[in-house]
Amino acid sequence: MPTINENFLKLGKNYLFINIAKKVNAFMAENPDAPLIRMGIGDVTLPIAPVCVEAMKKGADEMGVKETFRGYEDSGSGYDFLKEAIAGYYKKFGVSLELDEIRVNDGAKSDCGNIVDIFGDDNIVLITDPAYPVYVDSNKMNGRTVIYADSDESNGFAAMPDSSVHADLIYLCSPNNPTGSAYTREQLKEWIAYAKANKAIIIFDAAYEAFITDPDVPHSIYEVDGAKECAIEMCSLSKTAGFTGMRCGYTVIPTALHVIASDGTDVSIAQIWGRRQGSKFNGVSYPVQCAAAAVFTEEGQKQIRKNIAYYQENAAIIAKTMEELGIEYTGGKNSPYIWLKCPKGMNSWGFFDYLLHEAAVVGTPGEGFGKNGEGWFRLTAFGDREKTKEAMERMKKLLS
Ligand code: PLP
């Protein structure tokens, strides 16, 4: 009989959103006619931009013609046409990237989880709490020691480094899921200084960069000096361009990023990640890469900005409702998430049940993102406008 990786037994039995789905399904079984409004899972609702659809169709047509058909991609790290488009996008923020510093993937979740493969199990991993659950789960699966930096009311849910604590790997997510907080240039400077002092590597998740409105908040960590020597950046078209069902993202590993192995060998992180991906990943489908490249065209940017503006307006509606109800919240400004303090002193799951049963509105209990999420709750702005407004009316009725 094979043995299993027993670290899996130490994880919560289900991924957070599976637990939510179970509760919602049970509620719907009891109340089949309930007019449910889902503001829980961070999935988008608007269709992908017409330029992306056209580009994908053209890519699909090419696959059906002998002369233009494409099989396995040589590198599996993305076609140059898409990497050039991504590099062009970074130029807007004053960041210059070589094409071989970019690897295209099937969305940020895979790389956020898989990147741990190239790091030793003895690393100390620092994760801000609350956090996107993938960071904690994927490290615990390998039995790594995870330590936490508290993001709470005292720091506006944006944890800052503690020089008395050592870490080797640091996960930062800005704008943050779930709290909606976003690091300024000055705050990222402190994290970079901390990483350098600890010879640590930052894994910077920029999945929500397209929602940034504040000029002090960088879209890329590489906008801050020194980041190329200590940071990996992950980004995704899921929230930027509605690609949650398309699956495309990218990871940037600067060539300047190196570590010294135990035998003194100088190791390029990009090289070993490329080695890992070469054995375990065969690239993203050609039509999807065509659609992804269309996101970065002038017309593509215009069309995706329209959808992002729609979600931002939803976020403003939710934020205004929280203000009217006198409920404390963060986010909504550089982020599609509103992170609110559960009213009436309820805990996260208590408020989840209350909102579900009394208003048929589904949100996400903050506790599911870590201990500092207890007593807090996440609502997403990715929904339909009318449903968002209706949900806010129901919350006003329930909580006024
Ligand atoms: N990173 C963060 C912070 C997220 O919230 C998500 C998805 O919700 C992802 C990464 C993964 O997105 P995807 O795999 O769709 O690119």
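Each residue's number is its place along the chain shown, starting with 1.
Keep in mind that glycine also has a Cβ here, set from the backbone N, Cα and C atoms.
What TrEMBL says about a protein is an automatic prediction, not a curated fact.
Quick look at what TrEMBL annotates:
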type	residues	note
BINDING	Y15, G42, K109, Y132, N177, N282, R378	substrate binding site
BINDING	Y72, A108, K109, Y132, N177, Y208, S236, L237, S238, R247, N282	pyridoxal 5'-phosphate binding site
DOMAIN	36-394	domain 'Aminotransferase class I/classII large'
MOD_RES	K239	N6-(pyridoxal phosphate)lysine
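Annotated features taken from TrEMBL, shown on the structure.
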residue : record                              : DSSP class
Y15     : substrate binding site              : coil
G42     : substrate binding site              : coil
Y72     : pyridoxal 5'-phosphate binding site : coil
K109    : substrate binding site              : helix
Y132    : substrate binding site              : coil
N177    : substrate binding site              : coil
S236    : pyridoxal 5'-phosphate binding site : strand
N282    : substrate binding site              : coil
R378    : substrate binding site              : strand
Alpha-carbon distance [the residue listed as 'N6-(pyridoxal phosphate)lysine'; R378 (substrate binding site)] in Å: 16
Alpha-carbon spacing, S238 (pyridoxal 5'-phosphate binding site) to N282 (substrate binding site), which is rounded to whole Å: 20
Spatial neighbours of Y15 (substrate binding site) that are distant in sequence (at least 6 apart) but have CB under 8 A: P133, D137
Close-lying recorded positions around ligand 1 among Y15, K239, N282, where CB distance stays under 6 Å: none
Residue among recorded positions Y72, S236, K239 with Cα closest to the Cα of N282 (substrate binding site): Y72
Candidates G42, Y132, N177 (binding-site residues) with Cα within 10 Å of S236 (pyridoxal 5'-phosphate binding site): none
Position of peak Cβ density within 10 Å, selected from the binding-site residues Y72, Y132: Y132
